[in-house]
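Peer 1: This is the structure, below, for whatever I ask next.
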Amino acid sequence: MLSGLVTALRTLTVLPVPGRDAERFSSSLYWFPVVGLVIGGIVVLFARAGMGAGWPELAAVLALLGGFILTRGLHADGLADLADGFFGGRNREAALRIMKDPNVGSFGSLALIGVMLFKWICLLELARAGAYGMIAAGVVLSRTAQVLLAARMPYARSEGGTATAFVEDAGWPHLLVASVSGVVLLFVLLDWQVVPSSILLFGSVVALFFVGWLSHRKIGGITGDVLGACSELVEIAVWFVAALWLKGLFSAIA
């Protein structure tokens, strides 16, 4: 079972991890929320370092860059490929072909710039408020969302791809375990506060369903790039609604 954790850490981070990979890569999906907690914890350390210097803007930059470096920019690369393929391809075949191109096009560049700016703004607000649990929660929920997509949507490429080994055996057990783990970690990180936890969960679900709907419409399934893009967009959605919560825009339901 721990071999799944090894595979999840090696897949989602640059951390050097001893041990053997899982025989079935899909078993690593059980551990995605836990690895999200590890990544989120490190991102929080970067944010705290910046705040320790009395510089919220630096805290947001350190958290942003720390997250990208820790994950090799893997998910950001997936988002760029998705943007190029989905908005630059006229049909399913063209979209899949463009997504496989290692070069980043105009749509991908715009997506990356937009993501970095949006993340920086949200992280700045969260760091200023000392809402470190919300920062970590965004990372946990984004990795949980990847499991839900992998478990419920087919792989789009008939010839397979880099994420095939993770998706082909994924099913309800992975979805249920990851969902429960992700929600429990969310509530722990937010000190069992029901309203803010529910708001963050709602934001993640909206982003998840949007990515799933768009991917089904454009290519009829998912790829590794879609899973990466899902992580980025869910993370942003969670941090955004968290920032709105801190600004009192959900006070009517508190």
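Glycine is no exception: its Cβ is also placed from the backbone N, Cα and C atoms.
Checked Swiss-Prot, it gives:
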type	residues	note
TRANSMEM	27-47	transmembrane segment
TRANSMEM	50-70	transmembrane segment
TRANSMEM	104-124	transmembrane segment
TRANSMEM	131-151	transmembrane segment
TRANSMEM	170-190	transmembrane segment
TRANSMEM	194-214	transmembrane segment
TRANSMEM	233-253	transmembrane segment
Peer 1: Does the transmembrane segment (170-190) come close to the transmembrane segment (104-124), meaning at least 3 CB pairs under 8 Å for residues 6 or more apart?
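Peer 2: They do not touch: fewer than three Cβ pairs between the two stretches lie under 8 Å.
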Peer 1: Tell me if the transmembrane segment (27-47) touches the transmembrane segment (233-253). I count contact as 3 or more CB pairs below 8 A, with pairs 6 or more residues apart.
Peer 2: no
